[in-house]
Amino acid sequence: MEVCNCIEPQWPADELLMKYQYISDFFIAVAYFSIPLELIYFVKKSAVFPYRWVLVQFGAFIVLCGATHLINLWTFTTHSRTVALVMTTAKVLTAVVSCATALMLVHIIPDLLSVKTRELFLKNKAAELDREMGLIRTQEETGRHVRMLTHEIRSTLDRHTILKTTLVELGRTLALEECALWMPTRTGLELQLSYTLRQQHPVEYTVPIQLPVINQVFGTSRAVKISPNSPVARLRPVSGKYLLGEVVAVRVPLLHLSNFQINDWPELSTKRYALMVLMLPSDSARQWHVHELELVEVVADQVAVALSHAAILEESMRARDLLMEQNVALDIARREAETAIRARNDFLAVMNHEMRTPMHAIIALSSLLQETELTPEQRLMVETVLKSSSLLATLMNDVLDLSRLEDGSLQLELGTFNLHTLFREVLNLIKPIAVVKKLPITLNLAPDLPEFVVGDEKRLMQIILNIVGNAVKFSKQGSISVTALVTKSDNRAPPDFFVVPTGSHFYLRVKVKDLGAGINPQDIPKLFTKFAQTQSLATRSSGGSGLGLAISKRFVNLMEGNIWIESEGVGKGCTAIFDVKLAISNESKQSGIPKVPANPQHVNFAGLKVLVMDENGVSRMVTKGLLVHLGCEVTTVSSNEECLRVVSHEHRVVFMDVCTPGVENYQIALRIHEKFTKRHQRPLLVALTGNTDKSTKEKCMSFGLDGVLLKPVSLDNMRNVLSDRLEHRVLYEAM
């Protein structure tokens, strides 16, 4: 019996339903297959999708679902076992993948639900970042304004310009209606309206500094909002205004300038502040923002620094101007002093010349009178005249020396000399006076004292003569000792003087001790003051001028030394000590100025022909008298031309007066040299001058004169000069 596997439709609508199922499964399969393709496409387009492996599972699930619907198309009709097997396999796989996907969704769905939370978080974070960016932009804008304002403020160091610039730039930057600066008064008890933005010349309006609103602002470094009706904020008209703009105030520190006194600057014994008031426009809803207040605070600090710099510069410029004025005054005073010194020197030079000419006559004639037969009374008068004249000549020399020491024109004349001989010569000059006063003098020379040294022999001798002479002058009894030694580093000396000997130099120490009148210790500093007279010394009664020690001190200073006096009091004697710097000489014999013969009185001048040229008739007569008394045959002339005409080889010596200014009298020496080409035929040329300055001696040497003789000249001086001429030696008397 044949079995039929065909399913016969039980009713006609079944076929229609089958067709609908067939079509539905087809479209379901198409949809299932298209969904993974769409997912794959969009996932590839997105680089941030985090669940790719989940998408693979979900895609497999959809594909398998679509496959079951597609396979199901073949099950609506009679189908083979293979189709049933495929259908079963597809459904099993679909079930497995569906379960796996369902299990995976348990973990995925919470993450998907948290996406909204993350979205809200990101939105909040973005809003916060926007706020921070706005703050950064605000700070950057504030910083830019601060830099701009600081540059404008620092572009000048004028105090008024700084303040006006600050107000203008703040008003422009912050769009202010008004801006003002209140400065403390000199007393610091009030604030005065000094600068405003809208008014070029504000009314001098003051408010007490103790107002509560001012104390509130001065109590903090921050900008403070104050009432628009505050006394310091009433700077704008209020008529027609419905709403006054907000007002802030900030303090401006006035830095303490301890080393300066600034005009119009308050006394800063306590910390003081200025007050800056800033006003927003009226009838507006604008308010102060935090960054604007910070800008105001920073600008206030910058203004404080700029004001301090300006104040310092202002005072420095004032000090500079004052210093320039003082320099001008000092320069004028210096020029006046130099003019006065030149006038004094010119006066002294003229007086020296004018006084030495009559002094020459007095001393020369007095010395001639001494050689004649005189009664004791006459001889005493002549000796008194001669002694007084010599004292006057010494005083003139001292005044000239002091003048040249003070203006710095006197320089040391260095040369090699015998130091031991110098001390013996000083004693030979002083002993006659000491013998009369019955004062024994002893000389102690240290064994290590160099014999030949380099220094200014004349000035050193002058110092020693002054000090030893004072010891003899002010001692009525006792003894005098003169000690010379080489100063050692450990020798006692004043605290401000240090001896530093070297291999080529040493310091000579001379100590002159006497048992005379002594000195009051309070009077010792006065001894080195020119023209000073101490009652303990009774200088005037002793015939002194008060110049000796003052000149000696200056000479010692020129020799890089020091001088001081020690005494225990009146009646106990005193000790004068000085150190001078000398150079050590390697010469075995002195090459300095030759000395006159020991006994010039024994030289015979009879028949010695001498020519005297002097424009002054009295001086010419006196010089002739001295020479005639010595036995010379004298010819006198009164002019250079006459001298040049008369001079001949028979004349052994020509005395020429060169006291007149100019070089005419020096030129005659050159013409005499030209006239006598052979030296042994030319007479020796000796200058007669009353000028003691070094330039006269140098000029005489440069014009070929053989010697210089200073007026006034005594008979002994003339005898010594002529004896030296006969020895054929060039003589330049120490000047």
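Just so you know, glycine gets a Cβ as well, placed from its N, Cα and C.
Per Swiss-Prot, the features are as follows:
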- 23-43: transmembrane segment (TRANSMEM)
- 54-74: transmembrane segment (TRANSMEM)
- CYS65, HIS69: Cu cation binding site (BINDING)
- 92-112: transmembrane segment (TRANSMEM)
- 158-307: domain 'GAF' (DOMAIN)
- 350-586: domain 'Histidine kinase' (DOMAIN)
- HIS353: phosphohistidine (MOD_RES)
- 609-726: domain 'Response regulatory' (DOMAIN)
- ASP657: 4-aspartylphosphate (MOD_RES)
- LYS711: ubiquitin cross-link (CROSSLNK)
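Counting only the Cα atoms, the space from CYS65 (Cu cation binding site) to ASP657 (4-aspartylphosphate) is about 153 angstrom. Residues 22, 25-26, 28-33, 35-36, 39-40, 43, 83, 86-87, 90-91, 93-94, 97-98, 100-101, 104, 108 of the same chain sit 6 or more residues outside the transmembrane segment (54-74) yet have a Cβ under 8 Å from a Cβ within it. Looking only at the recorded positions HIS69, LYS711, the densest Cβ neighbourhood within 10 Å occurs at LYS711. Shown for the domain 'GAF' (158-307): DSSP residue counts in helix, strand and coil, namely 44 helix, 36 strand, 70 coil. Looking at HIS69 (Cu cation binding site) and the residue listed as 'ubiquitin cross-link', their Cα atoms lie 158 Å from each other.
Residue counts of the domain 'Response regulatory' (609-726) by helix, strand and coil are 53 helix, 25 strand, 40 coil (DSSP-based). In the predicted model, residues of the domain 'GAF' (158-307) average a pLDDT of 79.
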